[in-house]
Amino acid sequence: MSLFPSLPLLLLSVVATSYSETVTCEDSQKICPAVIACNSPGINGFPGKDGRDGTKGEKGEPGQGLRGLQGPPGKLGPPGNPGPSGSPGPKGQKGDPGESPDCDSSLAASERKALQTEMAHIKKWLTFSLGRQVGNKFFLTNGEMMTFDKVKALCAKFQASVATPRNAAENRAIQNLIKEEAFLGITDENTEGQFVDLIGNRLTYTNWNNGEPNNAGSDEDCVLLLKNGKWNDVPCSSSHLALCEFPI
């Protein structure tokens, strides 16, 4: 390998070294004005990494924020307990006398008479269709079959009592009214063999069938009016026609 090609490079190095030792910065600027001035600030580098969080600061003073808008009204709460009664108010002034129309006694009497007439017509209709009237008694049936206790309850509901004939005329009126055997208001529930009405009075009229009362079933404590008008003792638990009497 030849050494000659390297010789020019070696000479250039020596010249550059010697030149750099003698040329100052001011001279270099005169020689090469395009060269950047010596010791001039460089270009800013990239931002560094974030530092660590500092210590927690002291609590600041309360802020002065603006008051918000008023919210919608809430739901109604439960009603409270009633308050104590207030004291009576002052007494008012006496009012003027009222005006009362003159009572027309003749008008009242005519209306009363008309009402009585209408009630009499109603009684006649009932008598014709459903019942019989004898003296001051009105016998009525609803046509239903029931036990003696239910008959008593039914009659009491209408402020009446179970039909109890006190004479032959009343007995015959009931006989003509019924189409089925009906209970009478007579029993010997309290004392066997001693038949009385429902308020405990002894009977002053009877119309027993032949051989009756015989208490054949040992519990025949009620009385039945047969279709022939005669009486027979029967159990109160049996069901027969309901018949009531109304005082008029």
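Cβ from N, Cα, C; glycine included.
Checking the ranges 17-35, 112-130, 226-244 against Swiss-Prot, the coiled coil annotation falls on 112-130. Each residue in the domain 'C-type lectin' (134-245) has a pLDDT score, and their mean in this model is 94. Counting other C-beta atoms within 10 Å of each candidate's C-beta, the disulfide-bonded residues Cys155, Cys222, Cys236, Cys244 are led by Cys222.
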